[in-house]
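What Swiss-Prot says about this one:
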ACT_SITE  C151  active site
ACT_SITE  H289  active site
ACT_SITE  N326  active site
DISULFID  C148-C189  disulfide bond
DISULFID  C182-C224  disulfide bond
DISULFID  C282-C347  disulfide bond
CARBOHYD  N48  N-linked glycosylation site
CARBOHYD  N112  N-linked glycosylation site
CARBOHYD  N203  N-linked glycosylation site
CARBOHYD  N344  N-linked glycosylation site
SIGNAL    1-21  signal peptide
Amino acid sequence: MTLTAHLSYFLVLLLAGQGLSDSLLTKDAGPRPLELKEVFKLFQIRFNRSYWNPAEYTRRLSIFAHNLAQAQRLQQEDLGTAEFGETPFSDLTEEEFGQLYGQERSPERTPNMTKKVESNTWGESVPRTCDWRKAKNIISSVKNQGSCKCCWAMAAADNIQALWRIKHQQFVDVSVQELLDCERCGNGCNGGFVWDAYLTVLNNSGLASEKDYPFQGDRKPHRCLAKKYKKVAWIQDFTMLSNNEQAIAHYLAVHGPITVTINMKLLQHYQKGVIKATPSSCDPRQVDHSVLLVGFGKEKEGMQTGTVLSHSRKRRHSSPYWILKNSWGAHWGEKGYFRLYRGNNTCGVTKYPFTAQVDSPVKKARTSCPP
């Protein structure tokens, strides 16, 4: 039986009120076509999980069952086309997930700067779609931060190298590790903010290449080696943009990808589709995860097919969305990416839109954002 079939059967039991019963956690009830343990075993195989003692196994099994139930609730509540279910994080509590993969809660005060909206933004039309992934050699491959809480550094590095490739027509892959080792607050893998990354680049007069200064994560003590390697990219400044989504879309289409910081709560259970959350299910004020905004689009109207967690079909309305690049590897979400509804500040996507300023000394043909 496939994993999908296993989950489907288990969730039938779950919805019938039997999913979390003791009979699924023990063998006292006699043989069943499917037990929670069997589903959990497949999860362990798929994501290479093992637990050091029976008590820990039982605890993780209970968390896994709770998370599948939570994913089912999210599936029913979401107003978009998102599908929720089993992910690499399904054996973690919500608190553990936040501690392992989020950053510190972003402060209300940011570096002393003025929000910038170009004067020619207002009144100009925004293209219907924009996807920088389709432009040749602009967006790098999806990285995996692992157990290092460095989403802020990876998002900023992705922003800088994408803009450098657009402005200079030069392929560069900049060092995330340099940002971790040389960050002004010395937090390294313990979290940070994207503006810390930009200030580090300015203080060090640029960044070395990923090849010269490779990512090590939390596998070694952080020792700044910024002066040891040649700089391959640098910035003139960085800017916090307006929180107007129309202005953000225009800036993104004209200039290139930008960093945003969101509430990552729903990403623990996310598989694919457009997340259209409510403020109660994803508080836009509590942002804790930085990612790269690479494009936007609009889903066509139609019928959404049933999912593993919900076999019922529902009307799919035309939904505008953002395309975001994550740092949890290409096997998560939509090949390392995810989509958020565009137009209502879903999960706080407009709270901290930041971008580097990378200017080219030579006038070259502009690379436009592919539709």
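Cβ from N, Cα, C; glycine included.
Annotated features, which come from Swiss-Prot, shown on the structure.
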| residue | record | Cβ within 10 Å |
| --- | --- | --- |
| C148 | disulfide bond | 24 |
| C151 | active site | 27 |
| C182 | disulfide bond | 23 |
| C189 | disulfide bond | 18 |
| N203 | N-linked glycosylation site | 11 |
| C224 | disulfide bond | 14 |
| H289 | active site | 25 |
| N326 | active site | 27 |
| N344 | N-linked glycosylation site | 17 |
| C347 | disulfide bond | 29 |
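Among the recorded positions listed (N48, C224, N344, C347), C347 has its Cα nearest to the Cα of N326 (active site).
When the Cα atoms are compared, H289 (active site) and C151 (active site) turn out to be 7 Å apart. Sequence-distant neighbours of N48 (N-linked glycosylation site) (same chain, six or more apart, CB under 8 Å from its CB) are absent. Looking only at Cα atoms, N344 (N-linked glycosylation site) sits nearest to C151 among the recorded positions C151, C189, C224. Comparing C182 (disulfide bond) with C148 (disulfide bond), their Cα atoms are 15 Å apart once rounded.
Listed in sequence order, the residues of the same chain lying 6 or more apart from C282 (disulfide bond) and placing their CB within less than 8 Å of its CB are N263, K265, L266, I275, T346, C347, G348. Here the Cα atom of C151 (active site) is found 9 Å from that of C189 (disulfide bond). When secondary structure is read from DSSP and collapsed to three states, N48 (N-linked glycosylation site) falls in the coil class. A distance of 14 Å separates the Cα atom of C189 (disulfide bond) from that of C224 (disulfide bond).
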